[in-house]
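Colleague: Quick one: this structure, given as structure tokens, is what I'll be asking you about.
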Amino acid sequence: MTPQERIAELTDRLNYYTHQYYQNSVSEVDDFTFDQLLAELAELEKQYPEFRYPESPTTRVGGTISKEFATVYHRFPMLSLGNTYSEEDLIEFDKRVQKGLNGQAYEYICELKFDGVALSMTYENGLLVQGATRGDGIRGDDITNNIRTIRTVPLRVGQVAGSGEQGARNGEKSKGQVAIDFGAEIPLAPSSELPALFEVRGEGFLPLAEFERINKEREDIGEPLLANPRNAASGTFKQQDSGAVAKRRLDCYVYSFLSDQEVFKTHEESLIAMKQWGFNVSQTWQKCADIQDVMRYINQWEEKRFTLPLGTDGIVIKVNRYDQQRELGYTAKSPRWAISFKYKALAASTVLTGIRYQVGRTGSVTPVALLTPVLLAGTTVKRASLHNANEIERLGVRLYDTVFVEKGGEIIPKITGVDLNRRTDQSQPIIYPTTCPACGTPLIRKEGEANHYCPNERGCPPQRQTRFEHFIQRRAMNIESLGEGKIEMLIDKGLVETPADLYSLTSEQLLGLEKVFLDRDGGPEEIGKKRVVSFREKTVENILTAIERSKAQPFQNVLFALGIRYVGNTTAEKLADYFGSMDAIMKASQEELLAVPDTGPRIAESVVAWFADDYNRVFVEQLRTAGLQFEGEKKVVEREGDALAGKTFLYTGTFANFSREELENRIEANGGRLLSGISKKLNYLIVGENAGPSKVDKAQKLNVPMIGEDEFLAMLEV
């Protein structure tokens, strides 16, 4: 057998074994044999890369490291659904559907609402070519390499290895069937039913068993535990090392099929077909004849959902027929043909044993309730947020009270009340501190704000620590290998005072540093646990390399990294786009800042005040000296004319004659200017296919003229 033939055989065989295991729950070989075959294939592909197939199972192992995720614009907006917690609202929803369909007969499809991360996966000629996060619904992050690591996501559908342009490899292939001689065939719909380009959507999640496994490992090595499966899944998908992603056994349930062609008449048909094509479709869905049938489904799963291998937070109800979905249409925010029913938050009672006060990056002091551990919605709750002094007063809670704890949406623990019948003589009033629990500085409380603040922003240890953590995060300077413990050590050793000092660190300063950390904030079983943080040769090399690479982070990331109050990632992007340079923002007045879309007085005042502070200006100049990016990328666009001179534009949707980049270039080449958001300063909103409803709605409210692609082309010809 030639190497090419062996690669083909191994590719088919391993994909078949994977399908049998993950789709049919049949294990035809043991793990050792599978791993041996996979290792053999990887070695052959390394020697003969020209024979590697796009759907090779070795692509699931990961190993690709991306320094940043590219932005993906969704061909079809990923809208949110309207939510309800009451049966009365569902009945009203049903009445609206009935009215909108003018008496037509209709059915619903009910599906469990899984608690994970919304994903979009695009297939071209049967191959997975792109995977993306939901993002803001219009654009998301390209996480294709991370999605490839999910073994239940097919790399090829409709045709499999051995068919089509690559030629049959293992026997004759009948239409609609996989040509594999290793056992039962995998049923697939005929490939003619598949459009050349289509998209599926689903929920990426971390199974509960995998979540527990990871936390057990982290506990054994003294690392902080992950909060919950949803946040763990979200954080994993954001990892830029797909090799690390592959080590966490993520999964995905697919629930939606999208195409420019009409492939199916009903949602039911699409679910059945996607399952046949090899997608992981949860078999918990049900067709319901009427709203009473929907209610029965909801009641059936209220407790039964806790037997599933993943978290759920409700039920999604959709009109089954696609022509009726189109007839019902959309509101500005959500479809009229679907709604999400959420189960009421689960509650438990436990004892409040103490209060720990956390100091955040901006000096905000937040009380955290320490609780006797209690099981709630499948996880052990040991802490709950009390938000601020007002919330403590509103609840009337005291130390050693028995309190009611809920997980809103089954995720975030919160105290909702006190069981006064169980209050004992041991209960004590909670005295809110008047000085910072970290540095002793008297706290202040600004008029109109609920939170207390520590004003010692430069000397307060937690504020200094969290400013560094903010600076190094992925959306800011993205400095890998520097974590909480290492930053704390650098501060304690006097090696850094501000994040700018990171850029003058040397290997001689770092090598050999070590510190033992004791957990003082956890529950009784956690306090006293040791965690060793050290700077070894490879660690130091990675840190210094990451610091040097961070100098290439774009200007908007640098602006966000400064940590200006109220300037989040999105605001930093808009300010960077509008002003173009750090110097321009430093000189900007409040009035000039208010001209930036979605920038209100609070943000404008904060930016002006931050740059007016001499300490901050010195910090900025240190970053400039270090070589960080202080200007946005300047696009060089060849001038075509002045047809659009003095006019501002924004666009939404997709266009027949332009890609988004081409459209932007044509606007600027003809003297126009692009805005980053809709405001009264916008002259035209160019509306394409699958336009974002939020932009259209806001443009209508502000009376911004909306034009189509043809009208825009006509403007260029003037």
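Backbone N, Cα and C define each Cβ position, glycine as well.
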Colleague: Determine which of CYS288, CYS454 appears in TrEMBL for the same Zn(2+) site as CYS436, CYS439, CYS460.
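Modeller: Only hit among CYS288, CYS454 in TrEMBL's Zn(2+) site, alongside CYS436, CYS439, CYS460: CYS454.
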Colleague: Of LYS113, CYS436, CYS460, which is closest to LYS318 (NAD(+) binding site) if I measure between C-alpha atoms? They're all recorded positions.
Modeller: LYS113
Colleague: Applying the rule Cβ within 8 Å of the centroid of the Cβ atoms of CYS436, CYS439, CYS454, CYS460, what extra residues of the same chain belong around the Zn(2+) site?
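Modeller: For the Zn(2+) site the neighbour list reads VAL359, GLY363, THR435, PRO437, ALA438, GLY440, THR441, PRO455, ASN456, GLY459, PRO461, PRO462, GLN463.
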Colleague: What average pLDDT is reported by the model for the domain 'BRCT' (639-718)?
Modeller: 85
Colleague: State the three-class DSSP label for LYS318 (NAD(+) binding site), counting H, G and I as helix, E and B as strand, and everything else as coil.
Modeller: strand
Colleague: Counting every protein chain present, what is the number of Cβ atoms, excluding its own, within 10 Å of the Cβ of CYS460 (Zn(2+) binding site)?
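Modeller: A count of 21.
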Colleague: Measuring Cα to Cα, how many Å separate LYS113 (active site, N6-AMP-lysine intermediate) from CYS454 (Zn(2+) binding site)?
Modeller: 41
